[in-house]
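Below: one structure, written as structure tokens.
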Amino acid sequence: MSLSNKLSVKDLNVTGKRVFIRVDFNVPLDGKTITNNQRIVAALPTIKYVEEQKPKCIILASHLGRPNGERNEKYSLAPVAAELEKLLGQKVTFLDDCVGPEVTKAVDSATEGQIFLLENLRFHIEEEGSAKDKDGKKTKADPEAVKKFREQLTSLADVYVNDAFGTAHRAHSSMVGLEVPERAAGFLMSKELEYFAKALENPQRPFLAILGGAKVSDKIQLIDNLLDKVDMLIVGGGMAFTFKKVLNNMPIGDSLFDEAGAKNVENLVAKAKKNNVELILPVDFVTADKFDKDAEVSTADDVTGIPDKWMGLDCGPKSRKLFADAVAKAKTIVWNGPPGVFEFDKFAEGTKSLLDDAVKSAEVGNIVIIGGGDTATVAKKYGVVDKLSHVSTGGGASLELLEGKELPGVTALSNKA
């Protein structure tokens, strides 16, 4: 799956055509009020660009929340239609379903350039292919019904544009099931693919990956794949304690220890050695007597270790210097997972100083990519999203890319001729 060879919305001729755009309008709602419209704002460049090309109409489709394959007004996209109208400064026609005769009729009789927003795709079990009931029991969708649902979506479109990178790791009907001749990436999706291609397909070296997070077992595939690509690897966050205990028999007190992940540590270290990857682990820690923002604070290093009843919640000043030196050498940086419990101010210094180093690196022209999830939250919290090369919008999707997996929503896009 080449990331850099996918058709872009700019490669299309959409004049006079029905353009189906899969967007990610999965916004947080408080009742019917949108509490953060960032995802809607992020889709505007693609929508406006297509609109300028004078299409017959634009059909916007998204999911919202987890309605589990049935209609649930709590997850209606109606509030999104109102917000989108405000942001675009023009009428958006909200349709009460995403398939069916009413939808077909509305799209067929569209006036020039009309913008439609379909109701939540996940009101149909055929979008995800399965659903869970309230007891967590899974029901699979009938394959014939899925096929029909995909055909109904396809019948609305002459051209397909996907701008929902955050859902690209899901083989859902709206992501992979529209069989139209041209399937292109929108601007958001294109930017994600462009930056991940810069890191994973053709990185400027030295290439540094920074990994945080709690469990080694969650990141084994990620570490294993990156050890084939990077020159340096920082392992921080909670999972560093599993490495330190296994490799140096360091006492870790009540810090996180991942029994399952521990079995893989020596193999990963051996692979790093074999591939000449410099593995960088913290050497000192900021510790706490409990997992709490008001905890007592102390320090420890890897010579004496962390005493009983204490836990490491951040990396200490020597570790920060080690990490800063690695960042200063790197020309390409991918960062997934913070090195400390940044949600508590007393244990945020390691994350904040690493972020400052990353911003400095980006400012002198290096490629600095932040994977989605917690690390993206950190970049937002400290207001530096615009100072980094790229902050991914897709936590799960970016993680799977870094693990070396194919993303169904990307594979389904047309390649450039």
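Including glycine, each Cβ sits where the backbone N, Cα and C put it.
Swiss-Prot annotates Ala214, Lys219, Gly312, Glu343, Asp374, Thr375 as ATP-binding residues; of Gly236, Gly238, Gly394, the candidate listed for that same site is Gly238. The candidate list Gly237, Gly316, Gly365 contains one residue that Swiss-Prot assigns to the ADP site with Gly213, Phe342, namely Gly237. A separation of roughly 20 Å, to the nearest angstrom, links the Cα atoms of Phe25 ((2R)-3-phosphoglycerate binding site) and Asp374 (ATP binding site). Our reading of the (2R)-3-phosphoglycerate binding annotation (Val23, Asp24, Phe25, Asn26, Gln38, Arg39, Ser62, His63, Gly65, Arg66, Leu121, Arg122, His169, Arg170) yields a largest Cα to Cα distance of 21 angstrom. Counting only residues at least six positions away in the same chain, the Cβ atoms of Asn26, Leu29, Lys74, Tyr75, Asn120, Arg122 sit under 8 Å from the Cβ of Gly65 ((2R)-3-phosphoglycerate binding site). You'll find the Cα of Phe342 (CDP binding site) roughly 9 Å from the Cα of Asp374 (ATP binding site). Here Asp218 (CDP binding site) is compared against the binding-site residues Val23, Gln38, Gly238, Glu343, and the shortest C-alpha distance is to Gly238. The record assigns Ala214, Lys219, Gly238, Gly312, Glu343, Asp374, Thr375 to the ATP binding site, and the maximum Cα to Cα distance across that set is 21 Å.
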